[in-house]
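S.K.: Please find one structure pasted underneath; my questions will follow.
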């Protein structure tokens, strides 16, 4: 459930597969879910390379991953695959306190992975010229400040001012008193940003996942609609 919630907002993903063990049952499940919720691009990291002495085994695991990606509708032949060891890279950075390139082969592999992410996963165009809309992912309270709804802005912009809470219960008006991202106060949040929206006069129990925040009177909730449902079996 948590994987679906997060994946539904992704512009791309890094699929981590153990080079020592190869694709596991959950690997197949994660690829399927990524495809179903519309993750457009994937880059693969073959972790634990330090535990694999046989280059042919590493090539076999890479081939398995490519075939699996192709099976579920991704372009398995062109997806970048980088092998490395996250643990070795972290140990090297802790020991030397550096993340510079060309100083450690394992750290270099992480740099290579992120370079592939930058090259292969484009930044999509954000819809900022339409009315604000954000699905609520989580809700929490800040003592002395009020209730915060978090989520990824689907479209438009949000800043201090009037807002409407839509879904599940009757529509309700509120006032945005602050917008934060990574504990920094913003003048405004825009499409694509993961933000926390501080709401005036709203209790934590008034909000839940499935509701949306929107520009006042810009959307209408419906109780009848057509949808496509994917059911996963164990």
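Just so you know, glycine gets a Cβ as well, placed from its N, Cα and C.
Take a look at what Swiss-Prot says about it:
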{"type": "BINDING", "residues": "47, 48, 49, 50", "note": "GTP binding site"}
{"type": "DOMAIN", "residues": "1-125", "note": "domain 'tr-type G'"}
S.K.: Beyond 47, 48, 49, 50, what residues of that chain have CB atoms within 8 A of the centre of the GTP site's CB atoms?
M.R.: 18, 19, 20, 46, 51, 52, 83, 84, 85, 86, 87, 88
S.K.: Indicate the candidate from 48, 49 with the smallest number of other Cβ atoms within 10 Å of its Cβ, considering only these binding-site residues.
M.R.: 48
S.K.: Once near-sequence residues are set aside, which residues in the chain of residue 47 (GTP binding site), 6 or more away, have Cβ atoms under 8 Å from its Cβ?
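M.R.: Result: 16, 17, 18, 19, 84, 85, 86.
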S.K.: Treating G and I as helix alongside H, and B as strand alongside E, what does DSSP give for the domain 'tr-type G' (1-125) in helix, strand and coil?
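M.R.: Each residue of the domain 'tr-type G' (1-125) counted once, the result is 65 helix, 15 strand, 45 coil.
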S.K.: Any idea what the model's mean pLDDT is for the domain 'tr-type G' (1-125)?
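M.R.: The average pLDDT of the model in the domain 'tr-type G' (1-125) works out to 89.
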S.K.: Relative to the Cβ position of residue 50 (GTP binding site), how many further Cβ atoms are located within 10 Å?
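M.R.: Total other Cβ atoms inside 10 Å, all chains included: 17.
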